[in-house]
Amino acid sequence: MKSKRQALSPLQLMEQTYDVVNFHPGGAEIIENYQGRDATDAFMVMHFQEAFDKLKRMPKINPSFELPPQAAVNEAQEDFRKLREELIATGMFDASPLWYSYKISTTLGLGVLGYFLMVQYQMYFIGAVLLGMHYQQMGWLSHDICHHQTFKNRNWNNLVGLVFGNGLQGFSVTCWKDRHNAHHSATNVQGHDPDIDNLPPLAWSEDDVTRASPISRKLIQFQQYYFLVICILLRFIWCFQCVLTVRSLKDRDNQFYRSQYKKEAIGLALHWTLKALFHLFFMPSILTSLLVFFVSELVGGFGIAIVVFMNHYPLEKIGDPVWDGHGFSVGQIHETMNIRRGIITDWFFGGLNYQIEHHLWPTLPRHNLTAVSYQVEQLCQKHNLPYRNPLPHEGLVILLRYLAVFARMAEKQPAGKAL
């Protein structure tokens, strides 16, 4: 019987094999997704030149089992590779210090204004709403930073990510990286994308309905009705999951994760300690304290959740054969959906309304997504690929109708045991 670590090596990159699972900062889950597959394209789009240089210095290994041949590159895949090279050459992957200075200052300003209105003018409800908006916008900013879009030095990205993610948000950046990078590597692929594993209470595929317990199926029958309530509560769930994940870091096989344990724990402890002290010293009553706490958390959670769910969840979930047949770039286009560009939409969605472009190149700075989207749309037209781009309210309708499909399926499913 192979140990988990043995099962997770080697990884095939550019016709060579490497053992990276024991130190990979992006997590072991993404490595697991590419066992027995060529990971070249996924590696290329999720790393900068620094990682390529490090890879060249690593010893190559001889795998103990036969690896598949390097994945064939079709015309569409080749065109997207060429476009990436053009974008690099024209500086589109270079972050604007001015833009990110503006984004950091305005995002912090939302939180400062919220606290100021509560402390100075006792405007508790308005202040709590602003604080919730701060949490939402800080979520997108942390997302940019943890994808290494913001700073050229990855150590600065990691440090600021800890401050903004753990300290100001209460989210573990290591927990986020582990799940989010796996999601990027295998979007909407059942058994590989952790984002679509939401049982209970949400079913996103026929397989989910089949696997659900009889009690879960009863619940799923109404999922399109309670979905928005779940969005409101998700920040609480995520924060709780982050605490559990950070507690487990010190026992992980991945040495990078073990090295992050103390930093992550200090960041989360600081977030909740400062929040508790604010409520203790600046809230006039327990009721006001509860109002501020729940309004800010619910607004922040809903603002993040509704964006995240809209961009790829209402699209068909696929298995390994379809995933392998698409190739990386084409697969991302088939399994992601944009939301129509616009000033308000771009701000509220934090650039994730350009989900197609972001999934093609996760390290592309947010402020360049709009310009690049026109080029991607043209390539999609050239290769007869879908470029979904509904308005925000249309995207929500698509999402709710998709949930309703599996709600009806759960209603018709025999009341036997889950498979």
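Heads up, the Cβ atoms here are built off N, Cα and C, so glycines get one too.
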Correct range for transmembrane segment (source Swiss-Prot, candidates 30-50, 156-176): 156-176
CB contact flag for the transmembrane segment (290-310) and the transmembrane segment (156-176), at least three pairs under 8 A: no
Secondary structure tally of the motif 'Histidine box-2' (180-184) (DSSP, helix then strand then coil): 5 helix, 0 strand, 0 coil
Averaged pLDDT, computed only over the residues in the motif 'Histidine box-2' (180-184): 90
Dominant neighbour of the transmembrane segment (266-286) in 110-130, 156-176, 226-246, by Cβ pairs under 8 Å: 156-176
Residues of the parent chain within Cβ reach of the transmembrane segment (226-246), under 8 Å, 6 or more residues beyond its termini: 135, 170-172, 174-176, 178, 201-202, 261, 264-265, 268, 297-298, 300-302, 304-306, 309, 399-400, 403
